[in-house]
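Step one of this worksheet: look at the structure below.
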Amino acid sequence: MENETVSELNQTELPPQVAVALEYQVVTILLVVVICGLGIVGNIMVVLVVMRTKHMRTATNCYLVSLAVADLMVLVAAGLPNITDSIYGSWVYGYVGCLCITYLQYLGINASSCSITAFTIERYIAICHPIKAQFLCTFSRAKKIIIFVWAFTSIYCMLWFFLLDLNISTYKDAIVISCGYKISRNYYSPIYLMDFGVFYVMPMILATVLYGFIARILFLNPIPSDPKENSKTWKNDSTHQNKNMNLNTTNRCFNSTVSSRKQVTKMLAVVVILFALLWMPYRTLVVVNSFLSSPFQENWFLLFCRICIYLNSAINPVIYNLMSQKFRAAFRKLCNCKQKPTEKAANYSVALNYSVIKESDRFSTELDDITVTDTYVSTTKVSFDDTCLASEKNGPSSCTYGYSLTAKQEKI
């Protein structure tokens, strides 16, 4: 008797001759509880740190929040029901649960794929077309794109409402209820293949091509200059020492920008690679079963496929913590119970020594401003007063210009 389930994610059909082994139940429950539990906590933390930290409300992080919400949906809708499946060996959520849970499963799966595609395109534009990125890669535009992604996937996944039904199988010693199709395999196999092509093959091909272009820019060619950075030019210095200082400062800022972009791109590339690898077993199984007269449904292999999917949805916060200093600091602050609700501006006093040239009765210098970067301060342009604090001497001399830098401490 042919009785297919909607997907191996919530597969509940048992072979007629044997019940699920006790060790299988124990391993399934243990792995699902640990992986899904940690994944749910981690993805909630990602959403909270981006929403609570103003500095982290960037276009890229906006897509990561969308990915975190999609992963939460997968972990809750696809992961946790497997615990009851393992305990009871049957579907216990009824007809409405069959419709809603399956809908949320595929909504989370497809939304995560679209979110990954969106931030891949965003990274490509930001690095390879920095001028266009000034108006294309903005936080407000990212929110609009995410709204479109979720609207599209929500409508697309409504297809499952018309395909699902409860299937009842009667065996010698048990009656098994499963959430499955009310149509034959000849009709739903093309749906699986379309889903495989649109939400897995095409995004992975696009990501491979775009990250190839990104790698060429970041690692083989000089990175295109940011127009905002180009506008912050230094005046020509009247001494050789000032010229060297300006050149060194500019090089440090440039190298810092390149290093930061490389690190962000590496982190996102790891997310994409893990998505491709961890989804491959399940996606491959679906395609293969579409062409088999008797689908392959070995319990331990199905468990392996499910665990790979749950790992993909749970591991992203770990990647952010390992590869992003900002996320790591934000996670630490979120876990700190003594964290203050608001952060006030912090004052910084810096002394700067450099040479000036005496012209008649006054000192003249070409260094009118400087860009200061601190671990906890935004890159800030500081202007200097004309009064030299040092004693006047004949010829070129060294004097100290004092200033007080007041800047709002960045929330990382």
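Glycine is treated like the rest: Cβ placed from N, Cα and C.
Since the structure is predicted, the reported quantities are computational estimates derived from the model, not experimental observations.
The disulfide bond recorded by Swiss-Prot for Cys179 reaches one of Cys62, Cys98, Cys100, Cys305; that cysteine is Cys98. In terms of which side of the membrane each occupies, Swiss-Prot places Val26 together with Tyr88. The candidates are Asn10, Asn236, Asn255; Swiss-Prot tags Asn10 with the feature N-linked glycosylation site. At the 8 Å Cβ threshold, with sequence separation of at least 6, the transmembrane segment (145-168) comes into contact with the transmembrane segment (62-83) through 3 or more pairs. Comparing Cβ neighbour counts within 10 Å across the disulfide-bonded residues Cys98, Cys179, the minimum falls on Cys98. Sorting the topological domain 'Extracellular' (289-296) by DSSP state (H, G, I as helix; E, B as strand; all else coil) yields 3 helix, 0 strand, 5 coil. Here the transmembrane segment (62-83) touches the transmembrane segment (297-319). Their Cβ atoms form 3 or more pairs under 8 Å, with each pair 6 or more residues apart. According to its DSSP assignment, Cys98 (disulfide bond) is helical.
Panel annotation: around the topological domain 'Extracellular' (289-296), residues 4, 185, 189, 192-193 of the same chain, lying at least six beyond its termini, place a Cβ under 8 Å from a Cβ of the stretch.
297-319 is the stretch from 100-121, 194-215, 297-319 with the greatest number of Cβ pairs below 8 Å to the transmembrane segment (29-51).
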